[in-house]
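Asker: To start, I am sharing the structure in question, which I have written as structure tokens.
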Amino acid sequence: MVSIAFYGGIPGGISTPITQQSEKSKCEENTMFQPYCYNNDSKNSMAESKEARDQEMNLKEESKEEKRRNDWWKIGMFLLCLAGTTGGILWWYEGLPQQHYIGLVAIGGRLNGSGQSNAIECWGSFPGCRPFQNYFSYETNRSMHMDNNTATLLEAYHREITFIYKSSCTDSDHCQEYQCKKVNLNSSDSSNSVRVEDVTNTAEYWGFKWLECNQTENFKTILVPENEMVNINDTDTWIPKGCNETWARVKRCPIDILYGIHPIRLCVQPPFFLVQEKGIADTSRIGNCGPTIFLGVLEDNKGVVRGDYTACNVRRLNINRKDYTGIYQVPIFYTCTFTNITSCNNEPIISVIMYETNQVQYLLCNNNNSNNYNCVVQSFGVIGQAHLELPRPNKRIRNQSFNQYNCSINNKTELETWKLVKTSGVTPLPISSEANTGLIRHKRDFGISAIVAAIVAATAIAASATMSYVALTEVNKIMEVQNHTFEVENSTLNGMDLIERQIKILYAMILQTHADVQLLKERQQVEETFNLIGCIERTHVFCHTGHPWNMSWGHLNESTQWDDWVSKMEDLNQEILTTLHGARNNLAQSMITFNTPDSIAQFGKDLWSHIGNWIPGLGASIIKYIVMFLLIYLLLTSSPKILRALWKVTSGAGSSGSRYLKKKFHHKHASREDTWDQAQHNIHLAGVTGGSGDKYYKQKYSRNDWNGESEEYNRRPKSWVKSIEAFGESYISEKTKGEISQPGAAINEHKNGSGGNNPHQGSLDLEIRSEGGNIYDCCIKAQEGTLAIPCCGFPLWLFWGLVIIVGRIAGYGLRGLAVIIRICIRGLNLIFEIIRKMLDYIGRALNPGTSHVSMPQYV
């Protein structure tokens, strides 16, 4: 510790150093020449009053500064809690199933039947279908106008299913004619050998009658149940069942579309709808989708297997047959046990689908009204308008599974009851979004959540007003664009209807042209006949011939039908041009509306786009609004502190350390100063130096003289210093002399060591070196948290700021939870108190202290 000496004078006019004595010094005989004499105990007691005042002033300043900081935190935390509460409410609202959700699905105007069956599409997760699962339906009693040209769901089913199998499978020629003969399969009970015999009267084997069919072109012979083939004109020519009713013939299909477990739906989009007429009180079911359809379910012989215990075992048989050329396809026999099986059409022969992973077989079973069934692997089947050559795997199915569905699936009768209608207008329709309807709500960038979040943010921070304006502007703009888009869609659909009418007229005109060509051919034949019979001098009406007139020679019928068709075609052309022109105008207006620049809205939109890029993966959820609000809040609340800290950091480590050391020195030496001692010393200096004490006093307490140096003393000549030392030594004892310090020499020594710099840098270097380090200790102090303004720990300061924010949020949350619990406890106590008082009141009423009721007495 550096000793500090005060220099003054004695009444004799000789200056003597007034020293601060150590703790062991006693008041000796030389104390009469000193202005005061005391030890540490008396010093502490005398400086107590000033220390208390300093502490009180420091506490007041710290409380004011803390209050200012708390004000920032209170405002910020209030806004943060407001945003969190708003976000929680919006999150809860978005997750609720709304009973009446106003969607973009719309029905308005008149419902007319439409023949545009290509508006019906396949929806589902299967490849080739639209990956969309939203559907709705409800009952209505609206009147609908349908005609014979109204498309049904059955037509679309045949088209879509056939397209799926036609595009997924390989073309086949299995629908050619077969030369078949009836055979019997005879087997002995003792062996697994079966003989194939040609007979006229066939008998059943394994529950079926059998045919041996030969396809000469492919050198292929198949042994097949009679139920799978159809005879042609009571001859030996047979074809697979269903070939005449289908136009697509395929084989080797992917297993995925043969399991019978993959669902799809045939759906439409507004302004088209599907209607199923129930015929009960003129009500109909209207929706955007028809019933669920499973891929792989056959048209005929549908059977449903239910129950846990189902087992099928292969019966291995050796088929003994005559010599043959090419391929001989033998049947695969099964014995199955079905505990619960249903025939959909009450047919004696049923078809079920047995499958495992990557393998499937269609079993044709004989329904014998018992749990034991004889089955054979089916060779052919019909799905939609596709005729399939069903797979026949060589490996038997071990892990057997059976498809389970309702008999109404893929039912032709039910699909034919669903008809396609089209509305002429678009109006909002309340649709239930509960789980039983299957309507799934999609989050939207600019919806109720966006508007509410923008309004809340606008009340919290001024920057969010721009976003709210953008949200409202974009909502109106999008609504206008949607209206124009609906008009474009309606006009386009109307134009397509008109084009369809034109196509029908063109088809009729083509038929008429074909008829005219036939008439010309007939006329040519007549001409040739006239030439043969020698008809001469003929006109277009009369012919002079010797042969009688024959009515079969032909007639030329005049008709005005062609002129009517031409007139209708011209009218339709005009309507199509008008409709398409209106659609083009609406589309242009939609693009103009959507691309109309708005300076404020465009700025906000760009800002929103940048924020969306900064926060990837959040999408259009409510988290985007909350994160945006938190970022803006942190930016506004932390930017002043960040800028202030940056300014202090860039101002240099010297000034930061200097302020830190000043504050530390002030707190360290405040308790050692004494008001009474200082006053006595000032009086002594005033009497000895003739007024120079005031100057010394000002210098001591000046801003640049805080470390105990005296510039007045430094400016005096060194001889004056020596004279003071010489005269002072004669008035102090040896003990006190040993404790006299030389502050000037110490200070000069440090000044010389500082390289001629100003005294402030020297004192800074002195203080840091006395603490045992250099300028890099500032960084250590910053990391330890002992430095108020860190010089190199700015990232650490930011991290601790984030930790403090999280801690304060958690603290406010816990305090809020405590308040809620306290309110709940008070409420429960109030309820219990009310119940107690009511019970007490009732009890007192029923059992009063003094009874005024006199009981009757019987004498």
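Glycine is treated like the rest: Cβ placed from N, Cα and C.
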Asker: Given the ranges 446-466, 614-634, which one is assigned the annotation region 'Fusion peptide' in Swiss-Prot?
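Answerer: That would be 446-466, the stretch labelled region 'Fusion peptide' in Swiss-Prot.
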Asker: For the candidates ASN399, ASN752, I need the one that Swiss-Prot annotates as N-linked glycosylation site.
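Answerer: When Swiss-Prot is consulted, N-linked glycosylation site appears for ASN399.
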Asker: Look up ASN411 (N-linked glycosylation site) in the DSSP assignment and reduce it to helix, strand or coil.
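Answerer: For ASN411 (N-linked glycosylation site) - judged by DSSP and reduced to three states - the answer is coil.
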Asker: 10 Å Cβ neighbour count around ASN411 (N-linked glycosylation site)?
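Answerer: For ASN411 (N-linked glycosylation site), the 10 Å Cβ neighbour count is 19.
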Asker: Sort the glycosylation sites ASN141, ASN214, ASN399, ASN411 by C-alpha distance from ASN233 (N-linked glycosylation site) and give me just the closest.
Answerer: ASN214
Asker: Which residue among the glycosylation sites ASN141, ASN186, ASN233 has the fewest other Cβ atoms within 10 Å of its Cβ, if you could check?
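Answerer: Counting other Cβ atoms within 10 Å of each of the glycosylation sites ASN141, ASN186, ASN233 gives the minimum at ASN233.
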Asker: Can you name the residues of this chain that are 6 or more positions from ASN214 (N-linked glycosylation site) yet have a C-beta less than 8 Å from its C-beta?
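Answerer: Spatial neighbours, sequence-distant, of ASN214 (N-linked glycosylation site): TYR178, GLN179, CYS180, LYS220, THR221.
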Asker: Please report how many Å separate the Cα atom of ASN141 (N-linked glycosylation site) from that of ASN186 (N-linked glycosylation site), as a whole number.
Answerer: 63
Asker: Of ASN112, ASN399, the glycosylation sites given in the record, which has the fewest other CB atoms within 10 A of its CB?
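Answerer: Candidates: the glycosylation sites ASN112, ASN399. Fewest Cβ atoms within 10 Å: ASN399.
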Asker: Going by DSSP, give the three-state secondary structure for ASN399 (N-linked glycosylation site).
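Answerer: Going by the DSSP assignment, ASN399 (N-linked glycosylation site) belongs to neither helix nor strand, so it counts as coil.
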Asker: What's the CA-CA gap between ASN411 (N-linked glycosylation site) and ASN186 (N-linked glycosylation site) in angstrom, rounded?
Answerer: 38
Asker: C-alpha of ASN186 (N-linked glycosylation site) to C-alpha of ASN399 (N-linked glycosylation site): distance in Å?
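Answerer: Cα-Cα, rounded: 31 Å.
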